[in-house]
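Per Swiss-Prot, these features apply:
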BINDING   G388, R389, S390, G391, S392, G393, K394, S395  ATP binding site
DOMAIN    31-322  domain 'ABC transmembrane type-1'
DOMAIN    354-590  domain 'ABC transporter'
TRANSMEM  27-47  transmembrane segment
TRANSMEM  83-103  transmembrane segment
TRANSMEM  174-194  transmembrane segment
TRANSMEM  267-287  transmembrane segment
Amino acid sequence: MTDSSPDASPSSLKIYFRLLGYVRPYIGLFLISIVGFLIFASTQPMLGYILKYFVDGLSNPQAVLFPGVPYLRDMQLLQAVPLLIVLIAAWQGLGSYLGNYFLAKVSLGLVHDLRVQLFNNLLTLPNRYFDKHNSGHLISRITFNVTMVTGAATDAIKVVIREGMTVIFLFGSLLWMNWRLTLVMIAILPLIAVMVRTASKKFRKQSKKIQVAMGDVTHVASETIQGYRVVRSFGGETYEQQRFLAASQGNTDKQLRMTRTGAIYTPLLQLVIYSAMAVLMFLVLYLRGDASAGEMVAYITMAGLLPKPIRQLSEVSSTIQKGVAGAESIFEQLDVEPEVDRGTVERASINGHLEVRNLSFTYPGTERQVLDDISFSIEPGKMVALVGRSGSGKSTLANLIPRFYHHDKGQILLDGTEVEDFRLLNLRRHIAQVTQHVTLFSDTVANNIAYGDLAGAPREDIEKAAADAYAMDFIAQLPEGLDTQVGENGVLLSGGQRQRLAIARALLKNAPLLILDEATSALDTESERHIQAALDKVMKGRTTLVIAHRLSTIEKADLILVMDQGRIVERGSHAQLLAQNGYYSRLHAMGLEEPAPSGIA
């Protein structure tokens, strides 16, 4: 993508015209606003002509303004000039209202549409996109960038139409009055065009940097707010203050650079315009000819009205460049292919037989193979525990089953059907996940249990799921029970309580295949007991793949797969693996999990 202006760069024009396509649903309102701005622009030359009649009327106020118009042939300048001024003001007010109000409706609708489309698009993007982009920049696109884009698509159009038509009407009137003098004004237009093009390149480049800097500010603020407990626990206040100060200062510096560019550019443009005006006034005085005083005053007045709209037209380049830079990042996200879903198979229900054959996987953009020739099978209702050091590939394997990522080689079969052949939504309806990083939403306890496809579940089913997850004991003590707000990400609940709500959510889903990533965080004895009982309940009768950290869970597994560096190095029951006195036995002696060696992610 080049940094040239929309006037010069085909790529920028393409972006801008694509952006204008979002105005199409509001074309009726948009046309009304254009009519309003045309009305407004038409009043500018009228003011010049009124001054002509006013000056001429000073010497003969009884002169008739419209001698050839019926009903008006007797109206003298004395009555006509004041009346016309009032009528022109009313006409201008009507145009201003139509233009500004209806364009505001278009602008607000455009903001809404773009934000909704961006948010909806976020929900369809593949996991790898979130791996490469931090949340601050994604949020900044929805908030800051959309505002910049709307300015380019609507506010800039307002200036271009209103001020552009004003310039055209004024130039037309000036040419009609004295075309020779008007050519002097037209002679400076090429110089103005060169200045606008040069400034546009700078504005576009600086706008991109500002949007990145604004994303950095949002990112730091978002991270600090989400992790405020860690910040306070580890005395990170000073570090975060410095980090935010640096991000905010970087944004301020870039904003100032853009302001400085405009502050230099606008006075230079004014100097060029007023220099042309000075030459024009000299020629008016020198070449007056047989023109009346009123005609000369009208001509100079209309010429004097030109610098303001010309300056605003030149300054709109800044708004357009900000919008084009913002639109570029927005369209970059909108153009990302959504999650791959080429499957056609839909099953109303499955038994839960899971088989993995010769599975290998490498994360996109990396070379290290995370999974290497993995094979195992789980019969319906059985449990397989994945055990291994951190970074051995356990979580990656679990993420491939619901197709958060797509495997390179091998097969993952669910009831004999490759998971890639399922329709994505249908596949995930058969899978429930409980991860160690519990996500709760700023809503009620009940709505967090009955989330997504589960919304609308009968109240008794929600209560049963909560009871089976051993969560009703603490829910009953909450101020409003199941209708209590849990705060952002369940901040008002303890770690054990949040985990039990996640288990209740999985129980309510009642999926035949459960993927469980046990929490490694230390909990009090009572919470540990409740969670273990809840896990026993949720795993009962379901095919379960568990990333196990608790010895009690591992001992209950029908099959234990011991993983190291992406491979299954041992398999068997707890007793069998201990008897082998191998890798599992060593992990067991060290507490079942040891740190990953250097270089293992």
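Placed from the backbone N, Cα and C atoms, the Cβ positions cover glycine too.
Model, not experiment: these values are computed from the prediction.
Of all the Cβ atoms in the protein chains shown, 17 others lie within 10 Å of the Cβ of S395 (ATP binding site). Ranked by Cβ neighbours within 10 A across all protein chains shown, the binding-site residues S390, S392 are led by S392. Considering other CB atoms within 10 Å as the measure, the emptiest surroundings among the binding-site residues G388, G391 are those of G391. For the transmembrane segment (27-47), the list of distant contacts is 84, 88, 91-92, 94-103, 105-106, 158, 161-166, 168-170, 172-173, 301-302, 305: same-chain residues at least six beyond its ends, Cβ to Cβ under 8 Å.
When the binding-site residues R389, K394 are compared by the number of other CB atoms within 10 angstroms of each CB, R389 has the fewest. Under a cutoff of 8 A between CB atoms, and with a sequence separation of 6+ in the same chain, the neighbours of G393 (ATP binding site) are V370, L371, I374, M563, Q565, G566.
R389 (ATP binding site) falls within neither a helix nor a strand when secondary structure is assigned with DSSP, and so counts as coil. Secondary structure from DSSP puts S395 (ATP binding site) in a helix.
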